[in-house]
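Asks: Quick one: the structure is below, questions incoming.
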Amino acid sequence: MKNYLVLDFQISPVEPGRDILLALLDNLGYDSFEESPKGLKAYILEEDFDAEELEALPLFSGDEFEISYSSEKLETINWNEEWERNYEPVSLEQRLLIRAPFHSISGSYDHEIVIEPKMSFGTGHHHTTRLMAKAMFDLDFKGKKVLDMGTGTGILAILAQQLGATEIDAIDNFEWAVENTAENAERNNADKVKAEWGDAGLLTGRAYDMILANINRNVLLEDMKAYVDTLASGGSILFSGFFAHDFELIDEEARKQGLEFRHRIEEERWQCVHYQKP
């Protein structure tokens, strides 16, 4: 097996620095990422690592962020073991189990989604996924056209089909996520899910009955108008990926865009909020 390097980045402020850094590293060919309290860990083949290319990134020369990193050589790396160590099942009472193929099953669930994660997620992933799923169970997806923005591994898109949606666009701006969503959709027989690479710019001229956006505060604020423009009258939109102290910012922008507040739920300081378009 080839040798890998793991680079441990510390960046301040962490948000949105972490997301910007991840996007830049993804374009440089880094294989996998793991959130850390102060930044991000990134994995790359030792033979592909270029320190000059890395440090030429604008994050290192600008004054908006403070960034530093250390590197460690890994003699070998088994990605299945990495995923198994870092990815834990997500459950929602007896209604839903989200697991990887290597997890054993205990108990019975109304819905089950099996995914092969292609990167390691921080703790927030599990909380916001569970919050979004919980909110989805309270909505009627039958016969609906759905947008899953920032789909990641495609979990919410797959669940939308299981709940009755007949057409789901799953969009992400990371190519690995689009590939992973397509693979996971096939694994779960979710033939109504269409994985697409891109951002909110793809939404012009489209229309959806429901929108799922589990991303982060800054992207939600920046792209909210684009989401609302595509949402049908009477349609619902779920936002998550932000902390409780950011709710006022999200709510202010949502009301500015004409959305009506319906409900919000919280877990470990993470929140999910439901709005409806009049």
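Just so you know, glycine gets a Cβ as well, placed from its N, Cα and C.
I grabbed these lines from TrEMBL:
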BINDING   THR129, GLY150, ASP172, ASN214  S-adenosyl-L-methionine binding site
Asks: Determine the Cβ neighbour count for ASN214 (S-adenosyl-L-methionine binding site): the number of other Cβ atoms within 10 Å of its Cβ.
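Replies: Other Cβ atoms within 10 Å of ASN214 (S-adenosyl-L-methionine binding site): 26.
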Asks: Identify, in sequence order, the residues in the chain of THR129 (S-adenosyl-L-methionine binding site) that are 6 or more apart from it along the sequence and have a CB within less than 8 Å of its CB; answer 'none' if there are none.
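Replies: Long-range Cβ contacts: VAL90, ILE98, ILE155, LEU156, ASN214.
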Asks: Which chain-mates of ASP172 (S-adenosyl-L-methionine binding site) that are at least 6 residues away have a CB under 8 A from its CB, listed by sequence?
Replies: GLY150, THR151, GLY152, VAL178, THR181, ALA195, GLU196, TRP197
Asks: May I have the list of same-chain residues other than THR129, GLY150, ASP172, ASN214 whose Cβ is within 8 Å of the Cβ centroid of the recorded S-adenosyl-L-methionine site, in sequence order?
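Replies: The surrounding set, listed in chain order, is THR128, MET132, ASP148, MET149, THR151, GLY152, ILE155, LEU156, LEU212, ALA213, ILE215, GLY241.
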Asks: Just how spread out is the S-adenosyl-L-methionine site if you go by the largest Cα to Cα distance in Å among THR129, GLY150, ASP172, ASN214?
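Replies: Roughly 16 Å, rounded to the nearest whole number.
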Asks: What three-state class does DSSP give THR129 (S-adenosyl-L-methionine binding site)?
Replies: helix
